[in-house]
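For reference, Swiss-Prot has these:
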REGION    1-29  region 'Disordered'
BINDING   G71, G72, P73, G74, T75, G76, K77, T78  ATP binding site
Amino acid sequence: MVQISEVKGNSRDNRTAAHTHIKGLGLRPDGTAEVSGDGWVGQAAAREACGVVVDLIKAKKMAGRAVLLAGGPGTGKTALALAVSQELGTKVPFCPIVGSEIYSAEVKKTEALMENFRRAIGLRVRETKEVYEGEVTELTPQEAENPLGGYGRTISHLIIGLKSAKGTKKLRLDPSIYEAIQKERVTVGDVIYIEANTGACKRVGRSDAYATEFDLEAEEYVPVPKGEVHKKKEIVQDVTLHDLDIANARPQGGQDVMSMMGQLMKPKKTEITDKLRQEINKVVNRYIDQGVAELVPGVLFIDEVHMLDIECFTYLNRALESSISPIVILASNRGHTVIRGTDDISAAHGIPPDLLARLLIIPTHPYSPDEIKTIIRLRAKTEGLNITDPALDKVAEHGSKVSLRYALQLLTPASILARVNGRPGGIEEADVTECEDLFLDSKRSAAIVNQDSEKFLY
């Protein structure tokens, strides 16, 4: 029996995340915010301010500065940072972290912070490769007297003729390339290419002009290359400074037993020294001076910045003043609170006043009932849910009275209840009411805890 099986596609279903609907900042060409665009509703002033920040980043005039997104929970601070990253595109590095991420048992706080700083700084390296490509028409090694004496002779250079569709060239090559040509077993009639910078030689195949020469031959025939024999290709590579740090910090293991055993054991996280970073900075600066590389300052986004302690804030002060630093976007939903790591020093947003004075602060404001309704309709469309107008009003009411997050979280359970209850028209008001009874919001839960406090442990 002939075996026939279906090949399944490897396309993945994208999960609808909290900010899937955000596609950009939703700005007009003149920089003013549209009422609703790119998944955004409201927050016009904050979006316009972020648009100015994006323009400064693109003009490379924002490096070493910091922005604070300040506002209550559910006002779109993380969404603004995500929109900034999408406006900048994939070529500009964007490194999002949470304030609590930098605490580790293996690596000190300031090291983890610096690591993320370096992740947010890109380096665009442009390399021009010169290549000679064509069919070999002549292969003549030139001999010379052996400089060590005796009767032996050495290869002084190699004369090679290359032919392409647009012309021919005769090259004088180094004897080291002759060895590479011998290894590749190149003969007249083969198509080869030689890299001028490295001297690497590669045999592509036999010219198709010789295809009828033999009846039986396990040879790959290729056409004569188009264009000139001498070609220039520009290769652009994007790396971050952290990639360079890691490449130089990890020592290559030897061949002895102890090195091999060390490689088998679980490796500890390497802490990159300040001296190594300074050496890499010197090399990077030299590349920039030569015009080989170009620095691309990216964005480091630190969410819940009030979770950093006083030592981290002090380090941030210094890091922002360094010659190579990215744009730092901070987000905090705290008002006047105690700075972490201190006993009783309180400040606005949980950030020390000296750092707060350096920040450009962008406020985010609570959404109006109409804006909440539009956001819920947009989320329902993104998640592929049908919702009736009375049900939408009910969910929007929860968004105004309780929180936008609670209202959005009711949508999916309500759609499941609507399907179970056999409602083809989508989510109805009864489904939202049933969901509301099944899942409590934070205020009702707190009221129950206060009412029945003796039934709980603490």
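Glycine is treated like the rest: Cβ placed from N, Cα and C.
Other residues of the chain with a Cβ within 8 Å of the Cβ centroid of G71, G72, P73, G74, T75, G76, K77, T78, the ATP site, are N333, T364. Between the listed binding-site residues, namely G71, G72, P73, G74, G76, the fewest other CB atoms within 10 angstroms of a CB are found at P73. In sequence order, Q43, N333, T364, H365, P366, Y367 are the residues near T75 (ATP binding site), counting only same-chain partners six or more apart with C-beta under 8 A. Cβ neighbours within 10 Å of T78 (ATP binding site), excluding its own Cβ and spanning all shown chains: 19. The Cβ of K77 (ATP binding site) has L69, A70, G71, D303, A331, N333, T364 as same-chain neighbours under 8 Å, each 6 or more residues away in sequence. Reduced to three states, the DSSP call for T78 (ATP binding site) is helix.
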